[in-house]
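Read through the structure below, which is laid out as structure tokens, and then see the notes.
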Amino acid sequence: QIALYEAELERAHGQMLEEMQAMEDEKNRAIEEAFSRAQVEMRAVHENLAGVRTNLLTLQPALRTLTNDYNSLKRQVRDFPLLLQETLRSARSEIGQAIEEVNSANRELLRKYRRELQLRKKCHNELVRLKGNIRVFGRVRPITKEDGVGAEAASAVTFDPDDDAVLHLSHKGKQVSFELDKVFPPKATQEDVFREVQALVTSCIDGYNVCIFAYGQTGAGKTYTMEGTAANPGINQRALRLLFAEVRGKAADWDYAISVSVAEIYNEALRDLLGKEPQEKLEIKLCPDGSGQLYVPGLTEFRVQSVEDINKVFELGHVNRATECTNLNERSSRSHALLIVTVRGLDRSTGLRTAGKLNLVDLAGSERVGRSGAEGSRLREAQYINKSLSALGDVIYALRSRQGHVPFRNSKLTYLLQDSLSGDSKTLMMVQVSPAEKNSSETLCSLKFAERVRSVELGPVSRKAELGSWPSQEQLE
């Protein structure tokens with residue numbers, strides 16, 4: 001039994017050895033196969049690694065490029081606000097320069113336009129002088145406390161910024177435009193007004209007849225323009241001061257004598273405001289020398305040589321002038337006031353003698369009786385005033401339509417102004433208007449009348465000059 005066991009054990013031991021050998025072989029074979037696979041995989045990994053290295057080497061320049069681009073973009077983003085501001089500044093500068101060039105061109109065009117406009121006006125004025133038209137200026141007074149408050153006191157008058165001869169009136173919701181020879185806005189001073197008329201004033205020294213008259217509704221500023229105030233005188237006193245200055249400038253060659261008369265037409269009666277009897281009625285007559293000139297017998301004529309003489313004359317004239325209070329104007333002129341300045345000159349070297357006359361007329365204010373509140377004697381005054389102004393309109397119409405008969409004799413005013421309206425003088429009408437809305441109807445009438453007056457042709461003016469002996473001082477006085 002033991003031998004059987006030993007043989008069995010020997011056989012089992014042999015089998016175990018065989019199995020162990022087989023397992024060892026299997027292990028070695030597995031190891032070899034694994035090693036072979038590992039080698040293959042390792043080769044693949046090495047190949048992949050080589051490819052990765054190749055790609056890495058290829059990507060590094062691209063990465064550097066991208067990094068540079070990124071840094072450049074980063075700098076650009078950081079610098080973008082500064083670049084934007086610089087670009088905007090440059091663009092603004094270029095745009096500003098372009099705008100300045102355009103503005104400069106516009107200013108040059110505007111300057112040329114204004115120069116051409118002034119040249120046109122100068123040529124027009126020369127044409128007017130040659131044709132003998134009546135020149136018409138307009139002056140708009142400022143809004144005052146007497147105009148009240150609210151919509152009725154608002155200004156209905158506007159001006160053309162490019163043309164100082166045009167103004168616009170808003171009347172009943174419509175804008176009406178008027179073209180005169182010159183328009184003075186409310187801010188215009190007495191100096192501005194006189195600067196435009198002084199050439200006319202000085203021409204009477206050369207022997208021309210000159211007439212300047214103010215027209216407009218009551219309270220429009222006619223008396224202020226013609227007479228002014230003591231601190232700010234009007235055309236009357238400035239004209240005489242200018243004449244004195246011109247006479248002094250020509251004293252080396254000329255002898256001049258300046259005399260003044262002051263008259264008024266009140267209720268169709270011509271009165272001498274410098275005479276001893278200012279209530280005495282005077283008559284207008286033709287000169288007996290056959291010249292066709294008009295004169296007023298008995299009209300006082302004062303010789304003036306200084307500003308003090310002027311002030312005395314004006315003071316006496318103001319005391320005697322008829323004024324009364326109405327609802328429209330606390331100090332409304334109830335008569336047509338006339339300042340007549342006669343300038344006689346003698347050229348000592350040639351014996352040439354000149355005689356010029358300057359008529360400065362402050363017309364009574366036109367008004368509607370219903371608005372003025374006039375009654376009794378005031379009503380009669382208003383009727384006479386409106387009648388004389390109506391006669392002036394008839395004369396203007398007759399002259400404008402070139403009628404054979406001009407009704408100068410229909411009123412004392414037109415008869416006295418016949419010399420100024422019949423082609424023998426230089427004539428200027430200063431139309432005064434109120435800008436207040438409540439006065440737009442009267443303003444419209446005044447401006448329409450001014451346009452009609454402006455179109456009247458009087459004919460060429462003539463100079464009163466002749467060779468002859470110089471009258472004695474006694475004759476002049």
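Note: Cβ is positioned from N, Cα and C throughout, glycine not excepted.
Automated prediction, rather than curation, is the source of TrEMBL annotations.
Here TrEMBL gives coiled coil for one range in the set 6-33, 118-145, 286-313, 314-341: that range is 6-33.
Neighbours of Gly216 (ATP binding site), defined as other CB atoms within 10 A of its CB across all chains, total 28. A 10 Å cutoff on Cβ-Cβ distances gives Gln217 (ATP binding site) a total of 25 other Cβ atoms nearby, all chains included.
The binding-site residues listed here are Gly219, Gly221; among them, Gly219 has the most other Cβ atoms within 10 Å of its own Cβ.
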